[in-house]
């Protein structure tokens with residue numbers, strides 16, 4: 001006999017972290033950072049065929065101060081990188097970043113000095129979405145994966161500890177250029 005059998009109907013048992021995670025995951029407001037062809041697929045996701053509003057993303061935010069998810073869609077040039085970082089810094093906590101497309105994830109086919117070889121060199125990335133360009137269905141799937149991640153994110157001191165551990169693990173990772181085995 002557990003506690004669940006002793007409670008009357010209509011009682012829900014949970015933790016504050018689980019309830020806060022549920023609320024946060026169902027009210028994401030994305031700030032779009034469309035830089036190339038991936039932005040067209042991102043705009044298609046907001047249309048009636050894919051209906052991103054059913055996942056709590058009623059509108060795309062035009063200002064970073066009202067957004068908590070940044071979708072970086074397309075290649076990021078070296079000149080655009082400081083602007084991307086400034087927009088990320090203006091977003092309120094908690095905030096998440098989704099790198100949409102192979103150009104945002106790893107520089108794509110643009111292996112030259114003018115393109116950032118992965119947006120994770122500028123801002124911390126939570127979800128990487130492959131493809132050139134990825135289909136709207138893939139973006140919806142990535143957002144649902146991000147919902148799962150947000151649901152499990154701890155609060156308060158536990159959140160700060162989890163973020164510090166993730167940053168430390170990211171600093172220990174090999175640079176992207178070494179992992180891809182690029183020609184030099």
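Here, residue 1 is simply the first one shown, and the rest follow in order.
Here the Cβ of each residue, glycine as well, is placed from N, Cα and C on the backbone.
These come from Swiss-Prot:
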type	residues	note
BINDING	37, 38, 103, 132	[4Fe-4S] cluster binding site
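Mapped onto this structure are the features recorded in Swiss-Prot.
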{"residue": "37", "record": "[4Fe-4S] cluster binding site", "contacts (Cβ under 8 Å, 6+ apart)": "74, 101, 133"}
{"residue": "38", "record": "[4Fe-4S] cluster binding site", "contacts (Cβ under 8 Å, 6+ apart)": "73, 74, 100, 101, 103, 104, 133, 134"}
{"residue": "132", "record": "[4Fe-4S] cluster binding site", "contacts (Cβ under 8 Å, 6+ apart)": "101, 102, 103, 108"}
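In the three-state DSSP assignment, the secondary structure recorded for residue 38 ([4Fe-4S] cluster binding site) is helix. The Cβ of residue 103 ([4Fe-4S] cluster binding site) has 27 other Cβ atoms within 10 Å, all protein chains considered.
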